[in-house]
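Here's the structure, in structure tokens; my notes come after.
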Amino acid sequence: MVNISTINWVFVCGLSFCLGGIAVLSLMPLGSDCVCPLSNPLAKLAGGGEGVSVIKKEPADEKQPQPHDHGASVHKMALLVPFRDRFEELLQFVPHMTAFLKRQGVAHHIFVLNQVDRFRFNRASLINVGFQFASDVYDYIAMHDVDLLPLNDNLLYEYPSSLGPLHIAGPKLHPKYHYDNFVGGILLVRREHFKQMNGMSNQYWGWGLEDDEFFVRIRDAGLQVTRPQNIKTGTNDTFSHIHNRYHRKRDTQKCFNQKEMTRKRDHKTGLDNVKYKILKVHEMLIDQVPVTILNILLDCDVNKTPWCDCSGTAAAASAVQT
């Protein structure tokens with residue numbers, strides 16, 4: 001297991017070497033189970049030379065990570081973090097969320113859903129994959145942006161009611177989005193409800209709108225969105241939004257017939273037909289916190305959703321990775 005501490009003077013580019021997007025540092029050599037030594041300039045910074053390593057496991061052999069049991073909770077939450085090239089944010093996210101959830105006694109485990117193909121980012125499909133991976137052990141999920149950190153301890157990450165999903169980052173609290181049907185940022189969903197809605201649409205490549213389509217799924221399933229009550233903080237002090245729009249530019253490009261198709265309710269795709277391959281499962285420590293990273297290769301049918309690859313080059317590049 002790799003022990004990653006927050007080292008501000010080292011720039012680490014997101015999971016590029018063995019993780020397909022995160023450069024990994026370990027301050028001491030690991031045992032014989034470790035593979036993939038990194039022979040690169042970062043190894044010298046780590047002081048470990050060839051001992052800079054990560055543990056890689058075949059998905060078929062992977063045992064489900066057990067949650068951190070911080071209390072008497074009978075429920076277990078899988079914290080699903082869709083991810084690509086956000087390692088600096090992840091180094092803040094993991095210790096912050098662990099301390100936050102520990103104060104609430106929430107049994108949980110963090111799963112980083114790392115998209116390593118060359119298609120455009122697909123947050124919804126990654127969540128579908130993460131749910132399939134974790135749902136045997138965990139009875140509810142948190143769909144959680146890596147750049148949104150809760151500050152108010154009254155935001156309870158509790159097991160959602162039978163009414164429907166619990167939206168932690170509601171429009172009256174989120175620092176940026178304030179429309180009534182907004183369900184993005186942080187949404188907690190029961191296992192049975194996510195299955196009932198057939199998860200999320202797989203058609204949303206690039207940034208935005210997948211949450212709006214998911215709101216329609218919630219409504220069509222006869223469920224309701226609930227939100228925390230009696231929160232005294234507001235849009236400026238409930239969350240820390242660590243997204244830098246200049247450093248982390250969003251992929252808002254629209255190509256082919258994407259704009260038209262992604263404004264419709266998707267009745268064809270979801271949890272039951274997301275196409276992917278988990279290339280590797282990595283168990284890591286970030287500030288002594290166990291984290292599971294799934295290297296996920298998503299598949300795209302360019303005949304049905306050509307906007308997954310506006311450049312026309314991603315399909316060939318992804319084929320090389322398989």
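Just so it is clear, glycine is given a Cβ too, placed from its N, Cα and C backbone atoms.
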- prompt: Which residue of Arg217, Arg250 does Swiss-Prot report at the same UDP-alpha-D-galactose site as Pro82, Arg84, Asp145, Val146, Tyr177, Gly185, Trp207, Gly208, Glu210, His241, His243?
  reply: Arg250
Query: In Swiss-Prot, the residues His241, His243 are said to bind Mn(2+). Which of Asp139, Asp147, Asp153 is said to bind at that same site?
result: Asp147
Field: Swiss-Prot annotation, disulfide partner among Cys300, Cys310 for Cys308
entry: Cys300
Statement: Same-chain residues at least 6 apart in sequence with Cβ under 8 Å of the Cβ of Glu210 (UDP-alpha-D-galactose binding site), in sequence order, are Arg123, Ala124, Met200, Ser201, Tyr204
Statement: Span of the recorded UDP-alpha-D-galactose site, as the biggest CA-CA distance among Pro82, Arg84, Asp145, Val146, Tyr177, Gly185, Trp207, Gly208, Glu210, His241, His243, Arg250 in Å, is 22
- request: Calculate the distance in Å between the alpha carbons (Cα) of Cys308 (disulfide bond) and Trp207 (UDP-alpha-D-galactose binding site), and round it to a whole number.
  value: 11
Field: Per-region confidence, the topological domain 'Lumenal' (31-322) (mean pLDDT, whole number)
entry: 85
